[in-house]
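Contents: one structure, followed by commentary.
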Amino acid sequence: MSSQIRLRLLPGVRCLFDELVQVKVAGLKPRQVVSVRARATDEKGLEFRSSATYRADGSGFIHLDKDPSLGGSYVGVEPMGLLWSLRAEKLHQYFFKNKALEPFVVKFSVHEGDEQGRMLAEETHERFLIGEGVSRFSVKEGNFEGVLFTPPGQGPFPAVLDLCTFMSEKRASLLANKGFVVLAVAVYTEKPGNNKPMHLDHFKEAVDFLQRQPKVGSKGVGIISRSKGGDVALSLAAFVSGVAAVVWINGCSAVVGSPLYFKNQEILSPLPVDWSKGISHESGASIVRYMLGDPRAEENRGTVVPVEQAQASFLFVASGNDLNWDSEGYMDEMVERLKHHGKKNFETVCYPKAGHLLEPPYGPFCPSATHGLISTPVLWGGEPSVHAAAEVQLWKKIQEFLTDHLRCGSKQSKAQL
């Protein structure tokens, strides 16, 4: 490595996962072409890599926040492109980063030329999911288990239930950094069984648990959900008291996968699945978007969650290029129904070119991976750079929505790194 060439990360080599980092290179020759690369290993030990070709300016500087990539994993000006374009060599891999106490570690490097040139500089970057002072406690109470994140300070804080399809601490810990008490609970704690009943009572226990927390000051609980968690969130709002706000991201308007029970009675049956409507893709993955039945069909009326009877406020978020299912169509169906009942308790956001897996920003974009419910690779959809930009916008929108609808007293605190 050259001692004259410097790779700088601003504001520093450590920051929170959802914070922007500026990557800068100095000490190059005027107009020198180099490859700037990143690599990271996920919690399963799988390595992901990205690279982009840049040309230095007349003073030998490169600023990724304003200089365009000439080729590689992405092109154009993409300040965080090296992060969202991280890919594994093997197809259909999702970057697992779900444990809050372990940072997302990225190694940035600069190399001669645009291929396998000599390394000129390197820097290690740590992106933390949990901020200073945020507490993390595993919870197992009654019929539910999860992880509780509490911000520093006395509060009072708004309460949020994070319904993950499968357990992940990422979104919950990042929200706790923003001043929310967040309980992460998985919809599935074991491999899903065909037609195995799901009990809404278990998730009601989680809502009640949050409301009993001493630092919670909001009158109701907020819920954030995506995919399968979406219909559980809608059902809690429709059938359980104490839910004040729901963020529904690329979910379904009907119950999916399992019959839903409440107080020992089946309240909703699952939307039927036609496996013959799966489409094989040349990559080896499948497109499963068209396999679910139509919630609008008369024969499926008993599967649809009656959101019109909910008192909560809703933020419906749909991706137009969701290849998992027709989330935009499900959102439109709910909006039509709410308007028919004279309801105005909802907001909608649509990202036309984003895919199914909308997550907190600056993580690796995942175009395809093994589906947790059907154990086969599927395409999730989305154009990488547009999807990444949507995640940045949505993350801010989610925080604004939850803050507006879960108001507390004035004494609050947010975590720093």
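Yeah, the Cβs are placed from backbone N, Cα and C, and that goes for glycine too.
The structure displayed is predicted, hence computed values, not measured ones.
Residues or ranges marked as domain 'BAAT/Acyl-CoA thioester hydrolase C-terminal' by TrEMBL: 198-406. The active site, charge relay system annotation in TrEMBL covers Ser227, Asp322, His356.
Overlay of TrEMBL feature records on the structure.
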residue: Ser227; record: active site, charge relay system; Cβ neighbours (10 Å): 27
residue: Asp322; record: active site, charge relay system; Cβ neighbours (10 Å): 24
residue: His356; record: active site, charge relay system; Cβ neighbours (10 Å): 23
The domain 'BAAT/Acyl-CoA thioester hydrolase C-terminal' (198-406) [mean pLDDT, rounded to integer]: 97
Integer Cα-Cα distance in angstrom, Ser227 (active site, charge relay system) to Asp322 (active site, charge relay system): 10
Between His356 (active site, charge relay system) and Asp322 (active site, charge relay system): CA-CA distance (Å): 5
